[in-house]
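Feature annotation from Swiss-Prot assigns NAD(+) binding site to N236, A237, D315, T347, M348, L349, H350, D368, D391, V392.
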Amino acid sequence: MNTREVELRGHIIDSLILPRALDIIMDMGGDFQILEIDIGKRKSDPSHARILVEAETPSLLNQILDELGEIGASIAEIKEAELRRAPMDRVLPDDFYSTTNHQTFIYHGGEWVEVEGIEMDCMIVVDPESRTARCKPIREIKKGDLVVVGREGIKVVPPERPRGKQGVFEFMGSEVSSEKPLVTTIKKIASEITEIKKRGGRIGLVGGPAIVHTGSAPVIAEMIRLGFIDVLFAGNALATHDIECALYGTSLGVDIDRGEAVSRGHRHHINAINEINRAGSIRDAVEQGVLTSGIMYECVKNDVPFVLAGSIRDDGPLPDVITDVMEAQNEMRKYVQDLDMVIMIATMLHSIATGNILPSRVKTICVDINPATVTKLSDRGSSQAVSVVTDVGAFIPILLHEIKKMNGLGD
């Protein structure tokens, strides 16, 4: 029998980490012995468990240890993290370690070193001179980089669920469902947003064109103007239709106020792109007085950065759209590590793309009328996301109303 001792520390009972660990061992065909367990008696007390993991083969044992590592289990006997040099650009050494989106440490030089820029599905590269470790995607690996391999000397710390009330993240902790009280949910989200902003935190918005189609662009624009959005991630579509709405009062040629298609309205979004091209950029259009309202206008006027990532289906695109997806991803990376919350609204593509580079400590709200969007986001590793399955046209105005009420801003 092949064995290895692992440890779990923290709120392992409340966060269900201990039962998940035991389930993993048994479901994968292993066995276990609990060697020691110390359960915290007060709300602030962490718990600790030592577990002997048993498996029939070394290969199975390693597979179990890999799965346990992803939920925060660490090998009990501390050894230095093993490093090997990358043999070529964009080529990894065998048995490389692939990161989760949880806070991660490696044991290097006799001390635990936190991995900087953590995100899922990346490699840990160590700089021996500065004694630092940071995440790198495979495309950024250079020949000679010292890459962490194996399982030794790696500690993963998932977000814990402390005892006590946790606002919307406790309330919404069940499966994806539309059968949840919408207004109550929105009030809790508004409360979280208010608390984050009061302590100087930062909030990102990931938005799809349905925001404009449902007539909610002025509401998001007001949220930006009031300082509740600190960065915007979107695609060509949201920006194009927002500008179309600002210039012509339509979205995809449909009058926003009357809900009716207008004559030759199918040209409006191309007209909008043409006007921005003529001005030079979205910022130029604002400064020249061409664009005087809307989401993109408020971003420019309030110095809120935006990243517009292109896709293969884009019309135009607008000159501000980054058509190289790797470049767009790197631009998004500049902002995600400093965020405290991300609100994802009606865009499966950009929500999942953002989720892939978000640390798990960032509170994440995903709003979509399609339950598959929030399910796919969670399935792809963004387990910290909570879902609101509803029409964004109903969600956004109520959210702003509650935020303004909580902050004494009137209506």
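Every residue, even glycine, has its Cβ placed from backbone N, Cα and C.
The structure, with features from Swiss-Prot marked on it.
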| residue | record | Cβ neighbours (10 Å) |
| --- | --- | --- |
| N236 | NAD(+) binding site | 24 |
| D315 | NAD(+) binding site | 12 |
| M348 | NAD(+) binding site | 17 |
| H350 | NAD(+) binding site | 25 |
| D391 | NAD(+) binding site | 16 |
(Q) Need the DSSP three-state call for D315 (NAD(+) binding site) to compare against my parser. (A) coil
